[in-house]
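Have a look at the structure below, then the notes.
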Amino acid sequence: MRLPSVVAVGIGAAGLVVLGKLVSTRRVALVAALVFAILPRVTSAGIEARSYALSAALAVWVTVVFVVAVRRRAGTAWVLYTLLVAVSTTVFLYSILIVAAHVATLAMTRTGRRCVGSFLLAAGAGIAIAAPVIVLVQSQADQVSWIDGRNFDLVWIVLVEQYFDNALPVAVVSGLLVVAGVTVGIVRGRDCRDGEQPGLLATAVPWLLVPTALVLLYSLTSQNVYLGRYFTFTAPAFALLLGQSTVWIAGLAGRRSTPLLAVILALVGAVALPHYLVQRGPYAKPSGMDYSRVADLVESEAAPGDCVLYDLKNAWNPGPMRTVEAVDPPAFAALRDISRGSTAAELGGLWDETLAPDRIADQIRSCPAIWLLTDRSAGVDSHTGSAVDSRDPVALGANFRVVRSYGFAVQERWQLNVSQVVHFVRPAA
């Protein structure tokens, strides 16, 4: 399921080579593609079975077609632009915002301003084609209502999470390179083509800033719908800017620019490597989720016919704990899910209904053993026996209290990264 994302990263990198040559030089194009491939946000998207990597690849190629259409004023290119806008919006709704970035690019170039009519027609047609998907997604807006409850550290999310997946060292090094590179470019009077054609800055800067600014404005004034990973489709713009900055810095060495460029790229790669390895560790998913480990433990320890009970909410996850079953259904196939009510399909929502414990008394009584999946208890050993402190958060939970009230006793507990598994048994007669 992750292979398409890996392929999409490759397609995006290839597109950056093409785009980089159009708006700058071959060297900048190659450096930008390399930087894109090792950017933490992209290496994260590349192992996700979601649309983030594909949204980035499509954003690159829709921008390639946009630049070609502006330069050549070719009707065929504008038709292709229409189709790519429709496809990218369908794949990931936020990708529609690249159209707004292209508006800014047109405003920054003289040739672009003469293409406004063709652009508006092509972009409008693409949005119209995608309109049914836009309406459908809007009807599901409540699915992201959980974002409103996040701790919204705006500066950190924009500067560190969005492109660097919370890898602060990579963010610092990349930020310093961009600042230094742009400074060198300004001092030495460098540009990535004049204002006649879309150059690198006119292409990358709006792509980098406009989508983020629009969503942040909406999030701060209305409903919060901002998450750093939603802007993976703007990561290629940052790669272009970092690639150009790096080449400008290396240019200070004159004939020795190539060795200096290699050293800078090696530095970026070395700083990114530790986080790359973390991303491929057992707790690399957002919030350090440990669903796979939970499923493995339950599969190895539970007996067929045992019951499983999921807490309704997690402190670290917007969905119910039952999501773990969707991660690895075979691990739970032999167990009885006693708290499931109506299914997600019946409710027309994303999650199955989880019944409160006082509504499943008969099911609880019929269980030979119960496996409760809930939040981790801080300060508790990874594997413990029956002792549970009355102040322990798990002891205060409704599921725990109700199960205990029906005569079940804790036999053992496991603390994982963010989750806890509690094994209840009936006391021996």
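Placement of Cβ uses the backbone N, Cα and C atoms for every residue, glycine included.
What TrEMBL says about this protein:
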- 6-39: transmembrane segment (TRANSMEM)
- 51-72: transmembrane segment (TRANSMEM)
- 78-104: transmembrane segment (TRANSMEM)
- 116-137: transmembrane segment (TRANSMEM)
- 167-187: transmembrane segment (TRANSMEM)
- 199-218: transmembrane segment (TRANSMEM)
- 230-253: transmembrane segment (TRANSMEM)
- 260-278: transmembrane segment (TRANSMEM)
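Counting Cβ pairs closer than 8 Å to the transmembrane segment (78-104), the top stretch among 51-72, 167-187, 199-218, 260-278 is 51-72. Under 8 Å from some Cβ of the transmembrane segment (6-39) lie the Cβ atoms of residues 45-47, 53-54, 56-57, 59-61, 63-64, 67-68, 71, 163-164, 170, 192-193, 198-200, 202-204, 235-236, 238-240, 242-244, 246-247, 261, 265, 268-269, 272, 276, all in the same chain and six or more residues away from its ends. The list of residues near the transmembrane segment (116-137) in space but at least 6 beyond its ends in sequence, with Cβ under 8 angstroms from a Cβ of it, reads 66, 69-70, 73, 75, 78-79, 81-86, 89-90, 93, 96, 99, 102-103, 106. Residues 12, 15-16, 19-20, 23-25, 27-29, 31-36, 39, 41-42, 45, 52-53, 55-56, 58-60, 63, 88, 92, 94-95, 98, 101, 162-163, 174, 177-178, 180-182, 184-185, 188, 190, 192, 200-201, 203-205, 207-208, 211-212, 215, 259-261, 264-265 of the same chain, all 6+ positions outside the transmembrane segment (230-253), place their C-beta atoms under 8 angstroms from a C-beta of that stretch.
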